[in-house]
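S.K.: Quick one: this structure, given as structure tokens, is what I'll be asking you about.
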Amino acid sequence: MSAPATAAKPAFRLTDSTLRDGSHAVAHQYTEQQAIDIVAGLDRAGVPVIEVSHGDGLGGSSFNYGFSGTDEMKLISRAVETAKQAKIACLLLPGIGVADDLKAVKDAGVQVARIATHCTEADIAEQHIGMAKELGMEAVGFLMMAHMTSPDELLRQALIMQESGADVVYCVDSAGALTTKTVTERIETLVGGLDVPVGLHAHENLSLSVANSLTALDHGALHIDACTGGAGAGAGNCPTEVFVAVCDRMGVATGVDTMTMVDVAEEVVRPAMNRPQMVDRAALILGYAGVYGSFMLHSERAAKRYGVSQAQILIELGKRGVVGGQEDMIIDVALELAANK
Ligand SMILES: C[C@H](O)CC(=O)C(=O)O
Ligand SMILES: [Mn+2]
């Protein structure tokens with residue numbers, strides 16, 4: 001097998017979110033040892049940024065979002081201790097995480113603060129982006145459920161994040177509902193209208209995460225998110241090892257050693273997963289109906305508990321345009337379906 005092209009300057013910066021978005025796939029039950037092993041592998045492969053926190057960001061451990069198996073601060077500390085070259089990042093959704101969480105992770109050695117809001121609510125990130133900058137962290141704006149708004153409105157929201165001090169702004173396909181066409185429209189509009197670099201965070205629900213990430217690069221994105229073994233909410237995220245392998249084949253420099261990534265996926269991450277990441281019925285419906293990826297396991301539990309169809313719950317949530325933070329609506333919909341049976 002040919003040697004990976006790690007020497008050339010990378011065409012984009014890769015953020016691996018196995019220990020954050022991938023946490024949805026294991027119902028937030030990562031152990032300290034798993035965090036150490038995953039960070040050690042990714043760091044060895046040359047991944048430049050590794051995100052660690054509860055799947056729903058700092059402070060996510062709760063009845064609403066699911067309790068963490070291990071306190072996220074412990075996972076973060078193990079990650080910081082283990083990484084030799086990679087920066088450690090955290091996600092924060094204002095309201096779930098609070099300003100003190102940012103200070104705590106900065107003190108623990110986290111260098112990148114990713115501040116996430118629904119795609120039309122960037123204004124609620126202003127304070128946290130500003131605080132991340134005051135703390136001397138890199139601040140990344142993260143506009144979730146980006147399929148739900150137009151490219152022009154997404155740019156208007158991204159400009160709010162840029163004005164607040166964001167160093168990078170991401171288009172986040174939380175539902176895995178974007179296609180190569182709708183990614184192109186969004187990334188082109190963001191790249192054309194922002195002074196700061198643009199990123200894409202793709203999900204696999206329509207089997208398009210690799211294609212969408214490549215499309216984003218073609219249209220000027222400089223940051224790409226991925227998860228090893230395709231871990232993550234719904235059908236998972238863009239699989240890191242597959243993405244860097246495809247980049248190698250296309251002559252796109254990643255700075256990451258593909259064969260090390262392939263081993264980390266196979267030997268470290270997949271054994272940590274509770275079940276295979278795949279585009280099964282529920283995941284496909286998430287993408288097709290445009291439903292928030294992290295609703296998958298919640299809707300599966302509600303369907304079992306109330307004896308209704310998970311597919312119907314998801315379709316109904318899609319019709320109602322339910323967004324992250326409205327997890328209680330999953331139960332409401334399940335109860336309504338049960339009452340109408
Ligand atoms: C809190 C969400 O899981 C953030 C994310 O990764 C997404 O919206 O996608
Ligand atoms: Mn995600």
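Numbers here mean position along the shown chain, with the first residue as 1.
Just so it is clear, glycine is given a Cβ too, placed from its N, Cα and C backbone atoms.
Feature table excerpt (TrEMBL):
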ACT_SITE  H24  active site, proton acceptor
BINDING   R20, D21, S174, H201, Y292  substrate binding site
BINDING   D21, H201, H203  Mn(2+) binding site
DOMAIN    12-262  domain 'Pyruvate carboxyltransferase'
SITE      R20  site 'Transition state stabilizer'
S.K.: If one looks at the chain holding H201 (substrate binding site), which residues at least 6 apart in sequence have a CB under 8 angstroms from its CB?
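M.R.: In sequence order, S17, D21, F142, Y170, C171, V172, D173, S174, D225, N237 meet the Cβ cut-off.
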S.K.: Taking the domain 'Pyruvate carboxyltransferase' (12-262) alone, what is its mean pLDDT?
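M.R.: Mean pLDDT, the domain 'Pyruvate carboxyltransferase' (12-262): 98.
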S.K.: With the Cβ atom as the reference point and anything under 6 Å counting, tell me which of the recorded positions (R20, D21, H24, Y292) are near ligand 2.
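M.R.: What lies within reach of ligand 2, judged by Cβ under 6 Å, is D21.
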S.K.: Given a separation of at least six residues and a C-beta threshold under 8 Å, show me what packs close to H203 (Mn(2+) binding site) in the same chain.
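M.R.: For H203 (Mn(2+) binding site), the qualifying residues are D173, S174, A175, G176, S209, G232, A233, G234, A235, G236, N237, C238, L286, G287, G293.
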S.K.: From the centroid of the CB atoms of R20, D21, S174, H201, Y292, the recorded substrate site, which same-chain residues not already listed sit within 8 A by their CB, in sequence order?
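M.R.: Neighbours found: S17, H24, G55, A116, M144, V172, H203, G232, A233, N237, G293, S294.
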S.K.: What is the total of other Cβ atoms whose distance to the Cβ of D21 (substrate binding site) is within 10 Å?
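M.R.: D21 (substrate binding site): 29 neighbouring Cβ atoms within 10 Å.
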S.K.: R20, D21, S174, Y292: which of these binding-site residues put a Cβ within less than 6 Å of any ligand 1 atom?
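M.R.: Going through R20, D21, S174, Y292 in sequence order, those close to ligand 1 turn out to be D21, S174.
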S.K.: Around the Mn(2+) site formed by D21, H201, H203, which additional residues qualify by having Cβ within 8 Å of the site's Cβ center?
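M.R.: For the Mn(2+) site, the extra neighbours are S17, V172, D173, S174, G176, A202, S209, D225, C227, G232, A233, N237, C238, G293.
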